[in-house]
Amino acid sequence: MATTVAATKLTSLKAVKKLGFREIRQVRQWTPLQSSMPHFGSRQSFATSTVVKAQATAVEQSTGEAVPKVESPVVVVTGASRGIGKAIALSLGKAGCKVLVNYARSAKEAEEVSKQIEAYGGQAITFGGDVSKEADVEAMMKTAIDAWGTIDVVVNNAGITRDTLLIRMKKSQWDEVIDLNLTGVFLCTQAATKIMMKKRKGRIINIASVVGLIGNIGQANYAAAKAGVIGFSKTAAREGASRNINVNVVCPGFIASDMTAKLGEDMEKKILGTIPLGRYGQPEDVAGLVEFLALSPAASYITGQAFTIDGGIAI
């Protein structure tokens, strides 16, 4: 059963032996994982432990020497109960990570995500907390460390929208979006960086939006927050680079969701007309890119970058 933790009632978890990423240069037996995402050209998915075991066996047979064990990365994913966050948590869980599934209100959905990760053979903790509140963020990071000894990757995905035209926007609508979408990223990145600096390694992926690059009518608050995430992440990448901490941004465009499913035919036609590829992206598309940035040795030299995954909107 997945462990559920709320920020207001933090459950004491038994500490386990401290885990951590191997240095990239040591992971010669850990190749990029095959993804279950169609756009990666593969329909087969393997957990990290399976990949490592198979490769270690091959090396041992050829050299007669044992290959050092690669530990499962510990990942915190915020806003992971549905949509893009859910897809990211499941993708990383399938890849063999130990995943803390954060949610704000959707406890049942978050618990289901954790159960799916465990069904893949992984480990998961469900944590309820508001990432715009410093105390909740500190409790969330402590929960992951108490359970698994470290944090290797943080994916800041939690976010909200409060859409309306600028001339009608209330200050409360502005503040609410900025607090969660920008301040929440600041708090989680700051907390994660303190942990990662001590061990001189880590990866942080912040989910922004193509709206932060090109703007959108009725989303002045959202656009400002997401543009802020991009600039903030570039600065965090510069400050963390000397400690081998990679910070990158993913900027999705229109991604299929419950909201897009409810759009009328005329509105959908108008939206798709703005996308060169002529279709919505899928949450799994975003998850595949995040998995690469979070886990692949090939991403070790990438930092401070903002990747659009938008079907060509921002060309």
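Cβ from N, Cα, C; glycine included.
Summarising the annotation, Swiss-Prot assigns active site, proton acceptor to Tyr222 and lists sequence analysis as the type of evidence. What Swiss-Prot records for 77-101 is NADP(+) binding site. Taken from Swiss-Prot, the feature substrate binding site applies to Ser209. If you look up Swiss-Prot, you'll see 1-55 marked as transit peptide, on the strength of sequence analysis.
Sequence-distant contacts (6 or more apart, same chain, Cβ under 8 Å) of Val77 (NADP(+) binding site) comprise Gly85, Ile88, Ala89, Leu92, Val99, Leu100, Val101, Asn102, Val155, Asn157.
There are 26 other CB atoms within 10 A of the CB of Gly93 (NADP(+) binding site), with all protein chains counted. When the recorded positions Gly93, Cys97, Tyr222 are screened for a Cα within 10 A of the Cα of the residue listed as 'substrate binding site', the ones that qualify are Tyr222. The two recorded residues, Ser81 (NADP(+) binding site) and Tyr222 (active site, proton acceptor), have Cα atoms 21 Å apart. A Cα-Cα distance of 31 Å separates Cys97 (NADP(+) binding site) from Tyr222 (active site, proton acceptor).
Reported as a whole number, the C-alpha separation between Gly93 (NADP(+) binding site) and the residue listed as 'active site, proton acceptor' equals 29 Å.
Local packing around the Cβ, expressed as the count of other Cβ atoms within 10 angstroms, is greatest for Val101 among the binding-site residues Cys97, Val101.
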